[in-house]
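My structure is below; once you've seen it, I'll send some questions.
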């Protein structure tokens, strides 16, 4: 056989790919535009995915908060605390649903800081999440200003005012009551955020009565409604620095001048930021001192009887654990294929 004939012979020898294609078996899948788009936009960095989730969730949160505040002002419902509280609480719940499965949905720089201090969140993630949250709040404020632009002009005649009958500053940020002193305002922000963290940590504690993940956003939303209904009279209960500071910067750019920062002689604008961070750390420390750090070492199994018997004395606890072990052993024996048959 010549060299040329040998080459043609080997070219015509069927390969395994030929047989696979002949019987319809192939590992090559045709990628449609959806698969191509997903592959092209897939982010493999867990940190970046978390930042993206925080950004989108805070954006959604701010749309609901600022939208509800604008609706209250435009419809003369400024004093309707329940309306604003329910809107804010449900907005938080929806935002937690958006990012809960990706980043944990911190939504709040103060909450992220408290979790980092307690060792529940890495400092790297904390810093980048905080940046994402501030950016999202600013972008959401820009978006809502464009969305509400004609309504704002219809309401105030195109002249941006802070307070009074045509004042719209409360759409963007929180402001204290005229009678509130600076030190009381600071204590107010610390107290509100501390309460927030105590309950949030309780809800996220697997050794406590943690709600199911699917219900957790609703529970957190109910918490926000409760705090807003009870602790918002003094200064609006911001509890979230990104929700307050970023829109305040935007309102400065949107025609309100320096007044958003000049309230109370420039002693207010930093209070919701500093007070919220301090309150979050204090609230986290209080929960760890009273609850989180007091769990016995043998309560890792949250479904066991012993974890539900935390307040019992040691002897009773031991007896209940023995009963629990006997029950588990008997169930295991019945379900085992090697168990003796009587």
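Including glycine, each Cβ sits where the backbone N, Cα and C put it.
So Swiss-Prot lists the following for this protein:
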{"type": "TRANSMEM", "residues": "55-75", "note": "transmembrane segment"}
{"type": "TRANSMEM", "residues": "98-118", "note": "transmembrane segment"}
{"type": "TRANSMEM", "residues": "126-146", "note": "transmembrane segment"}
{"type": "CARBOHYD", "residues": "166", "note": "N-linked glycosylation site"}
{"type": "TRANSMEM", "residues": "184-204", "note": "transmembrane segment"}
{"type": "TRANSMEM", "residues": "215-235", "note": "transmembrane segment"}
{"type": "TRANSMEM", "residues": "266-286", "note": "transmembrane segment"}
{"type": "REGION", "residues": "302-342", "note": "region 'Disordered'"}
{"type": "COMPBIAS", "residues": "302-327", "note": "compositional bias 'Polar residues'"}
{"type": "CARBOHYD", "residues": "314", "note": "N-linked glycosylation site"}
Just how many other Cβ atoms lie inside 10 Å of the Cβ on residue 166 (N-linked glycosylation site)?
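Result for residue 166 (N-linked glycosylation site): 14 neighbouring Cβ atoms inside 10 Å.
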Is it true that the transmembrane segment (266-286) and the transmembrane segment (126-146) have 3 or more Cβ pairs under 8 Å, skipping pairs fewer than 6 apart in sequence?
no
